[in-house]
Amino acid sequence: MTSIGIVSPQSMFFDTPLPLQSGAQITDYTLVYETYGTLNADHSNAVLVCHALNASHHVAGTYSEDAGTTGWWDNMVGPGKPLDTNKYFVIGVNNLGSCFGSTGPMHINPATGKQYGAHFPVVTVEDWVQSQARLADALGIKQFAAVMGGSLGGMQALAWSILFPERLRHCVVIASTPKLTAQNIAFDDVARQAILTDPDYHGGDFYAHGVVPKNGLRVARMLGHITYLSDDDMAAKFGRELRSGSYQFGFGIDFEIESYLRYQGDKFSTYFDANTYLLITKALDYFDPAKDFGGDLTKTLSNTRAKFLLVSFTTDWRFSPERSHEMVQALVNNNRTVTYAEIDAPHGHDAFLLDDQRYMNVVRSYFERAYEEIDGGSLKAGASA
């Protein structure tokens with residue numbers, strides 16, 4: 001299997017206001033995206049990949065010969081890979097509110113002539129899906145072969161199946177959940193408080209002060225990273241190993257796990273925007289499509305039309321297998337076609353990004369079967385695309 005190679009992002013400007021769930025609107029905006037593979041003649045082989053918290057439109061390939069610019073899901077997407085770009089036309093979109101190109105807090109607010117900062121409106125998963133649908137319209141894609149995502153990306157895929165049931169044939173939801181638990185909301189709030197109470201945050205207008213709330217971002221990332229790993233994985237990687245071989249009897253770094261978390265926090269604070277972090281964690285917290293159906297997930301999913309693949313990981317305690325079980329049961333209650341795989345993997349929530357061959361084979365097999373609908377299957381025989 002080879003990489004897609006060097007890729008370039010594209011952008012599309014929208015001058016029609018986007019109404020948001022909050023009641024606010026974004027008057028005009030830009031979406032940055034990348035595409036891989038070739039769109040077929042009837043536009044029936046398009047797959048939308050939705051990204052998680054700190055990822056972006058850069059799903060696969062590289063921006064140069066430097067491997068450090070490799071896309072965040074390059075092991076999943078590419079020629080001969082589970083989502084095979086020799087067969088599928090894959091789209092990665094950067095969500096509104098992000099800091100990787102699409103309109104967000106770092107951009108100029110046309111109403112003020114200044115950067116949005118903390119004044120960028122709160123966006124939800126459903127708002128992102130609405131903006132993605134507009135991009136699909138502009139690209140001439142009436143129906144996706146699949147919408148796919150892991151973690152927060154999986155929430156977007158699920159929302160697609162609810163909001164636009166006729167616009168996707170397959171919905172692939174990996175390491176995700178139909179709503180956050182109180183514990184998950186608590187983690188997000190502590191992370192936000194770390195940023196909001198950093199003196200360099202300046203009420204979200206830190207750009208004008210020429211500073212970055214690095215300490216808040218560092219702590220937020222450290223906390224988040226703990227939730228992405230499993231206890232077993234941390235024990236195997238770090239255990240109680242000491243950085244210098246003995247206790248220092250101070251408040252610096254003694255343990256290797258401390259060194260690792262601080263490294264992750266430091267790195268994150270150099271490239272991620274604090275306002276974006278606040279926005280995206282709020283979008284996570286607010287996602288609860290069953291809320292409008294009295295909490296009944298079966299009713300929530302009753303109008304879906306897609307076939308589903310759900311994947312969970314045994315040691316993922318952020319979005320545990322029980323959350324996937326809830327979605328599977330609700331879909332079964334609605335007589336939907338569901339494939340479910342629970343992968344015994346030690347890597348916690350981050351397992352959805354890693355090269356577990358059992359996991360990769362599940363996804364590969366699913367997309368191979370889905371492609372039969374396009375190449376000589378029901379779509380080629382004349383079914384609507």
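Glycine too: its Cβ is placed from the backbone N, Cα and C atoms.
Listed in Swiss-Prot for this protein:
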type     : residues       : note
DOMAIN   : 45-355         : domain 'AB hydrolase-1'
ACT_SITE : SER151         : active site, nucleophile
BINDING  : ARG221, ASP350 : substrate binding site
SITE     : ARG318         : site 'Important for acyl-CoA specificity'
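Overlay of Swiss-Prot feature records on the structure.
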residue	record	DSSP class
SER151	active site, nucleophile	coil
ARG221	substrate binding site	helix
ARG318	site 'Important for acyl-CoA specificity'	coil
ASP350	substrate binding site	helix
Please give me the CB contact count at 10 A for ARG318 (site 'Important for acyl-CoA specificity'), counting all chains in the structure.
24
Calculate the distance in Å between the alpha carbons (Cα) of ASP350 (substrate binding site) and ARG318 (site 'Important for acyl-CoA specificity'), and round it to a whole number.
10
Name, in the order they occur in the sequence, the residues of the same chain whose CB lies under 8 A from the CB of ARG221 (substrate binding site) and which sit 6 or more residues away.
GLN264, GLY265, PHE268, SER269, PHE272
Given the recorded positions SER151, ASP350, which one is most crowded in terms of C-beta atoms within 10 angstroms?
SER151
Average pLDDT across the domain 'AB hydrolase-1' (45-355), rounded to a whole number:
97
To the nearest whole angstrom, what is the C-alpha distance linking SER151 (active site, nucleophile) and ARG318 (site 'Important for acyl-CoA specificity')?
9
